[in-house]
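The structure appears right after this line, and notes come after that.
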Amino acid sequence: MNIRQQITQFLSLAYVFSSAFMLWKTLSVIANSHSPIVVVLSGSMEPAFQRGDILFLWNRDQQQKVGDIVVYEIDGKTIPIVHRVLREHHNQQKQLLLTKGDNNAVDDLSLYAKKQQYLNQKADLVGTVKGYLPFIGYVTILISENVYFKYGMLGLLGLSSLFSNE
């Protein structure tokens, strides 16, 4: 393989990654959310959503109501949580929410930060669920939880780049 083919392959790969990044950033701006697409990682929302479902979020100046399914993040925790709004209150121009997983026995108070009794709609919410695709996100769960699957996928990608003729 000559240098021109190597440069072409590198540029093609860079094009794929930059296109994916631009698509992600465009979705982020449109949905007004730093993470417009999330994968359900647990069974706390069954039967509404199963583990591995991909959720599409929207966060454009809307008030949540009881029954809405929201995704939120807590300070100090890296994994977003998908749960349903159980109660909502208004306090000094801000909306406060209490959430609970459909498959959980109790509300999410124990998941919130210390001394936090409600979620702040503006500060804690990533978005409201507007749509989903079932089970497609299971690949990301397999990659994060199974080391052999992760290295197998990396190996296949490496082999495919070595043996491609273009």
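The backbone N, Cα and C atoms fix where each Cβ goes, glycine too.
According to Swiss-Prot, the protein has these features:
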ACT_SITE  Ser44  active site, charge relay system
ACT_SITE  His83  active site, charge relay system
ACT_SITE  Asp108  active site, charge relay system
REGION    152-163  region 'C-terminal short (CTS) helix'
TOPO_DOM  1-9  topological domain 'Cytoplasmic'
TOPO_DOM  31-166  topological domain 'Lumenal'
TRANSMEM  10-30  transmembrane segment
Distance, His83 (active site, charge relay system) to Ser44 (active site, charge relay system) (CA atoms, angstrom): 8
Neighbour tally for Asp108 (active site, charge relay system), based on other Cβ positions within 10 Å of its Cβ: 21
Whole-number Å value for how far Asp108 (active site, charge relay system) lies from His83 (active site, charge relay system) (Cα to Cα): 9
CB contacts for His83 (active site, charge relay system) [other CB atoms within 10 A, all chains]: 23
